[in-house]
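Here the structure is laid out as structure tokens; the discussion comes afterwards.
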């Protein structure tokens, strides 16, 4: 669904996620219910979550200021294989050329060659604050090249 059309129709019901998001996956439009993860620079919980059936969901990750890449070619392929619609990371990825070939929505702030720590320590299904905007587990995320929107429920546009 086009984010500009959603804004025109739903207006104040939406939250626009600010940020200088960069596209890394081949899919340039995605949406789905949100699963949140405060990663604290660790990718153990990311790997565990992406190994589960995604069922069209979107994993939203807060890196906690750690520059280490939280998603690379292997985790991207895992997300795609398990049916995730996308991953949005308030942090970095790596293996950008491999990610570009995956038919998966991937948004992040940038790329960083060094991976994050492969350990546990993140918090799953917690409210996040990204750029001053609240992101709650179960929200719906809509992303395209115009921006990223959040809604409390799934949205539909009237037929034209």
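Here the Cβ of each residue, glycine as well, is placed from N, Cα and C on the backbone.
In TrEMBL, annotation is done automatically, which means it is predicted and not curated.
What TrEMBL records for 72, 73, 74, 75, 94 is substrate binding site. Non-local contacts of residue 75 (substrate binding site) by the CB criterion (under 8 A, 6+ apart in sequence, same chain) comprise 43, 46, 47, 50.
Marked as Mg(2+) binding site by TrEMBL: 95. Secondary structure at residue 95 (Mg(2+) binding site), taken from DSSP and collapsed to helix, strand or coil, is coil.
Within 10 Å of the C-beta of residue 74 (substrate binding site) there are 13 other C-beta atoms, taking all protein chains into account. Neighbour density at the Cβ, taken as the number of other Cβ atoms within 10 Å, is lowest among the binding-site residues 73, 95 for 73. Within its own chain, residue 72 (substrate binding site) has 93, 94, 95, 98, 99, 115 as residues 6 or more apart in sequence whose C-beta sits under 8 angstroms from its own.
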